[in-house]
Amino acid sequence: LLQLGGAVFQFRTAANSGLLPASMVIPLLGVTMKERCKAAGIVYFERFGIVVASTGMLVALFLSVIAVGITKPVPTNTCILTGVAGSIIIYTMKHSLTVSEVIEVLEVLLIFVYLSMILLYLLPRCFTPGEALLVLGGVSFVLNQLIKRSLNVVEGRGEPIDFFLLVAVIGVILLGLFFTVLFIFMDSGTWISSMFFHMMTAVLGLGVIMPWLYRLIQRNPLFWLLQFLFQTQTRVYLLVFWTFLAASACGIVFYQNAKRSSESKKHQASTITRKYFHFIVVATYVPGLIYDRQLLYVAAVLCLAVFIFLEYIRYFRIKPFGQTLRHLLSLFLDERDSGPLILTHIYLLLGMSLPVWLFPRSCAPKGSLSGAGALVPYAGVLAVGVGDTIASVFGSTMGEIKWPGTKKTFEGTMTAIFAQIIAVALILIFDSNVNLNSSYAWILASVSLVSLLEAYTTQIDNLLLPLYLQIMFMA
């Protein structure tokens, strides 16, 4: 296929490769996790941080070679420098890894190689190389951890909500791969295929995913989930409030589509209209972060599974809602949705949730970090919900001075920094668990650097910015 030119991976052409900023995320997360857990005396997660850093460097090296060798157009030379730097750092760290840890690194790399070959071929123009590194690298880590913990249930570490995340993510991805193969031989748009889709979803969910989760948490997953969701009155209030916000988001979608159908000319949602969803997400996450982070953790996992499942229904045109979803969501497309999948809303959810999911609870004294690290769970809210939203709104309406070589404006970036500082002050007022210990200069520097990254990156900023802000806060 390579000789015939049929298997050349097609990346998103409207952006650069993005390998330089993306390839540094996983190693930096591993290094900061290692240092935090070393200070807390948690040896298991300290070693895990070393494994994460080493794997991130090796994955970056592999994707750099792939991106340079067989993609069109060829990315910038930064990916070659990244690969060389990654290989040098791996060489210097080789004495820090035990044999079992080296095997684990190679397992993640092997999973990443196969996922890259399959998904990048099945989904042309959905990713840049940098986005593929982050998304597929994260999925490879999750799958490796799930396999490892499934084989060592007695020695399993972590809480049930951690296992819930692993099984939910891998379950929906395996579901998508299964139906992708199946619908090669069937027309997915018929009623028979739709019935088969829903039936097989129920079979795989109840017959594979539920028993798998039962083996890991040693209790009935559905009963555990119901008990968890309605454990306290605060959780009930939060669930009711989130249901209202979800209904509001659906109302915006229907209103904008009704507005499109009533106008004679083609109507497309503006940047400001799309940022309504950012405000709704901020209103969703802030109460969860203040009052019940564990509930927010589980709710974000459930929401991610629902989003991916609905994307399957839209992509495969599953009746009765597949074509309707295609029509409703086409209004909110932009240049980043050039492939067959619509991923921007999933990236928004991931960007807000990753700081919550990756928050090193075991390595934090009394469940929270001090100094700038106390703002780690709020990294998504600050970077995406506040910073990116304000930068887009003010930059597109009042911005005049553009940053060299970009479409982003100086006014938008400065307003975003100012808005995030105000948001930090409000977090200090309303969240009594946050104690910054006079680390205000570092917080200002972190917010400013990430806002500059937002101005210059052409990648999916919903995914990249929260991770970098989290790394800065944990450093």
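Positions of Cβ are set from backbone N, Cα and C atoms, glycine also.
Note that this is a predicted model, so its numbers are computed, not measured.
Per TrEMBL, the features are:
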- 44-68: transmembrane segment (TRANSMEM)
- 74-93: transmembrane segment (TRANSMEM)
- 105-123: transmembrane segment (TRANSMEM)
- 163-184: transmembrane segment (TRANSMEM)
- 196-214: transmembrane segment (TRANSMEM)
- 234-255: transmembrane segment (TRANSMEM)
- 276-291: transmembrane segment (TRANSMEM)
- 297-317: transmembrane segment (TRANSMEM)
- 338-358: transmembrane segment (TRANSMEM)
- 378-398: transmembrane segment (TRANSMEM)
- 410-430: transmembrane segment (TRANSMEM)
- 442-469: transmembrane segment (TRANSMEM)
Contacting positions for the transmembrane segment (196-214) when only residues 6+ beyond its ends and CB under 8 Å are counted: 150, 163-164, 167-168, 171, 174-175, 178-179, 182, 186, 188, 220-222, 309, 316, 318
Distal contacts, the transmembrane segment (378-398) - CB-CB under 8 A, six or more residues away: 271-272, 275, 278-279, 281-282, 285-286, 289, 348, 351-356, 408-409, 411-413, 415-417, 419-420, 423-424, 427, 447, 450-451, 454-455, 461-462, 465-470, 473
Contact yes or no, the transmembrane segment (297-317) and the transmembrane segment (410-430), 3+ Cβ pairs under 8 Å, gap 6+: no
Stretch with greatest number of CB pairs under 8 Å, the transmembrane segment (234-255) reference, 105-123, 276-291, 442-469 candidates: 276-291
Tertiary contacts of the transmembrane segment (410-430), as residues 6+ beyond its ends and Cβ separation under 8 Å: 290, 375, 378, 381-383, 386-388, 390-392, 394-396, 398-403, 436, 443-444, 447-448, 451-452, 454-455
Range from 105-123, 276-291, 338-358 with the greatest count of C-beta pairs under 8 A to the transmembrane segment (442-469): 338-358
The transmembrane segment (105-123) touching the transmembrane segment (276-291) per 3+ Cβ pairs under 8 Å rule: no
